[in-house]
Ligand SMILES: Nc1c(NC[C@H](O)[C@H](O)[C@H](O)CO)[nH]c(=O)[nH]c1=O
Ligand SMILES: CC(=O)[C@@H](O)COP(=O)(O)O
């Protein structure tokens, strides 16, 4: 049986990170986690582009435009959607996830879903810790590097 699995080799990869200003106290820690993983994987800092949008609802449009440019081997989307008093949470989180997934499939570009969806600030904080195992940004960056590598292997 032949097995194909991506490697955590970021050499030569061009990566965009799109993050939100909403909940930036949390999201900036996701950015740090993502950057640490990209550095560990050997992605050159000069090959990383950081884009900031207002909130998670705006992530898909920015990611879509970046994917359309075909300048990036992977895109990491970072945000934190924290439930409030109304159903607004469901629409913001749902449309964000749906839009990011649609862009990945339309352009064939790996999009890391590094968007925390939490019922409260404590849950969000617990998913934005410095250690990679508790940082959604690190998780998303790792997935993007692996998928970019896998897609290169499949294309060979
Ligand atoms: N409540 C949160 C939001 N809400 C804002 C929306 O994302 C959007 O910017 C607004 O509806 C204007 O279009 N965004 C988050 O990222 N996190 C939240 O908890
Ligand atoms: C996820 C949201 O948009 C949410 O924080 C908004 O809070 P609320 O539902 O109380 O307006």
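Using N, Cα and C of the backbone, Cβ positions are placed for all residues, glycine too.
Annotated features in TrEMBL:
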{"type": "ACT_SITE", "residues": "88", "note": "active site, proton donor"}
{"type": "BINDING", "residues": "22, 56, 57, 58, 80, 81, 82, 113", "note": "5-amino-6-(D-ribitylamino)uracil binding site"}
{"type": "BINDING", "residues": "85, 86, 127", "note": "(2S)-2-hydroxy-3-oxobutyl phosphate binding site"}
Fill in the blank from the handout: Once DSSP output is merged into helix, strand and coil, residue 56 (5-amino-6-(D-ribitylamino)uracil binding site) belongs to helix
Exercise for the section: Measure the Cβ-based neighbour count of residue 22 (5-amino-6-(D-ribitylamino)uracil binding site), defined as the other Cβ atoms within 10 Å of its Cβ. Expected result: 18
Exercise for the section: Please find which two of 22, 56, 57, 58, 80, 81, 82, 113 have the most distant C-alpha atoms, given that the record lists them as binding 5-amino-6-(D-ribitylamino)uracil, and give only that distance in angstrom, rounded to a whole number. Expected result: 16
Exercise for the section: Consider only the binding-site residues 56, 57, 81, 86, 113: which of them have a Cβ under 6 Å from an atom of ligand 2? Write none if no residue does. Expected result: 81, 86
Fill in the blank from the handout: Counting other CB atoms within 10 Å of each candidate's CB, the least crowded of the recorded positions 88, 127 is 88
Problem - Binding residues 85, 86, 127 ((2S)-2-hydroxy-3-oxobutyl phosphate) - maximum C-alpha distance in whole Å - result: 23
Practice task
Report, as a single number, how many Cβ atoms besides its own are within 10 Å of the Cβ of residue 56 (5-amino-6-(D-ribitylamino)uracil binding site).
Solution key: 28
Fill in the blank from the handout: The answer, for which of the binding-site residues 80, 81 has its Cβ ringed by the most other Cβ atoms inside 10 Å, is 80
Exercise for the section: Could you tally the C-beta atoms, other than its own, that fall within 10 angstroms of the C-beta of residue 85 ((2S)-2-hydroxy-3-oxobutyl phosphate binding site)? Expected result: 6
